[in-house]
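Note sheet for the following structure.
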Amino acid sequence: MYPPGCAKVKCSWHHCLPGLLLQLLLALCFFSYLRMSQEKPKPKPMWVSELGAPSQATEGSSAHLPLRVLLWTWPFNQPVALSRCSELWPGTADCQLTVNRSEYPQADAVLVHHREVSHRPQMQLPPSPRPPGQRWVWFSMESPSNCLKLKDLDGYFNLTMSYRRDSDIFMPYGWLEPWPSQPVETLLNISAKTKLVAWVVSNWNTDSIRVQYYKLLKPHLQVDVYGRFHTPLPHALMAKQLSQYKFYLAFENSLHPDYITEKLWKNALQAWAVPVVLGPSRVNYEQFLPPKAFIHVEDFQSPKDLAQYLLALDKDYASYLNYFRWRETLRPRSFSWALMFCKACWKLQQEPRYQTVPSIASWFQ
C-alpha cells in the first residue's frame, strides 16, 4: 500500500544504474570530506631563510583591512623614516602607521618602546581606559641588563617584539638569506686588508666581561680600538675603515640568549671582516650563522690561544678564505626600525587573537 497519489514505479537495473552511481559518488565525497576534516591540518610554513631570517614572501594579506598602528614614542626619541609595508615587506597589507597620539582611541594597536617608558611606567604608558580590543606591543632591542623596571609592566601588554627568537614578533639584528640569483657582490679583496684586528666600543666599562677579555688579549695581539674613549671613528667612515681589517672583535656588552647585535651584522660582516665573537654560546650563534662564519672565544682555552690562532690565520691564506665560503650562497641582511614596524603590522594582521602577556619580566630576564 502506498500513500494516496503515489504509485509504485517499477525500475529495471539499466534504468536505475545512473541514479545508483550518482548516490554512490555523493556518498564517497561525503566520507572523504569527513576523513579530511578529522585529519590534523598540516602546518603551512612561513617562508624564512635557511638560518631564520624574517619573511620576505608571506601569504597574501590584501584581504585584510588596513590596521591603524600607533607608535607611542620614537625609539630612543629618534624619528625614523617610515615605509609602505607592502613595499618593504611583500605580501603585507599596508598599516596606517602613525605617531599622532590623538589617534589613540581609534588605534587597533600601540607599539611601546621600552626605553621611553622605563623610568615611570605608570605615567608614561598610554592612558586608561584602553579602547576595547586594542592590542599593546612591547618592544626592545636592548638586552635584559639594559632594560629597567620590567616588573612594572606586568599585565599591560598583549605581544612582545624583540631580538629573542621566542618573542611573539621575532626581529633579529641581522640574518642570512639565499641570494635571489647569482651573487653580485665583488669577491673578497685580501690585498686591501692590510691590518689585523679592530674593535669599536662606545661604552667602556672596565668591569665588563668584554673589557676584561680584551685586557688579557692585548699583550699577545695588536688590536686597534676605536670609539668614544679611544681613536674617534665617525659612523660614515666606519665601513671603509673596518674593511681594512681581517678580523673584528664583535664583543657584546652583556651575555644573553640570542643577543647578537650590529657589532656582528654590521661592523664585521658589512666590512668583510671575520667576526671574533663574545656573547651567547657557540650553539646559539650557530642558530643564526654557519659554524665557519665566525670565531668564538669559547673555542680557546685562553685569550693567548685565540691570539695565536688569529696570527696563524693571518699567514694561512687558504684557511682564512674558508671563513667566507658561506657567502657563495648566502648574504647578510640587517635590521631597521621601519622593517620592525612592518613585521609588527604583518603579525597583527595574521594573528587577530587577543592575548595577554602576564609578565614581561619573568619572560625576558
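Any Cβ shown, glycine's included, is placed from N, Cα and C.
Here the structure is a predicted model, which means the values were calculated and not measured.
Under the heading N-linked glycosylation site, Swiss-Prot lists Asn100 (among others), citing a curator's inference as support. The Cβ of Asn100 (N-linked glycosylation site) lies under 8 Å from the Cβ of Leu70, each of these being in the same chain and 6 or more residues away along the sequence.
Among the features that Swiss-Prot reports, N-linked glycosylation site is placed at Asn158 (among others), with the record citing a curator's inference. Around the Cβ of Asn158 (N-linked glycosylation site), a 10 Å sphere holds 18 further Cβ atoms from the protein chains shown. Asn158 (N-linked glycosylation site) carries neither a helix nor a strand DSSP state and counts as coil.
What Swiss-Prot records for Asn189 (among others) is N-linked glycosylation site. There are 9 other Cβ atoms within 10 Å of the Cβ belonging to Asn189 (N-linked glycosylation site).
For 1-15, the entry in Swiss-Prot reads topological domain 'Cytoplasmic'. Mean model confidence for the topological domain 'Cytoplasmic' (1-15) is a pLDDT of 44.
Under the heading topological domain 'Lumenal', Swiss-Prot lists 35-365, citing sequence analysis as support.
Sequence annotations record features per position, and here Swiss-Prot assigns transmembrane segment to 16-34 based on similarity to another entry.
In this structure, the CA atom of Asn158 (N-linked glycosylation site) is 48 Å away from the CA atom of Asn189 (N-linked glycosylation site).
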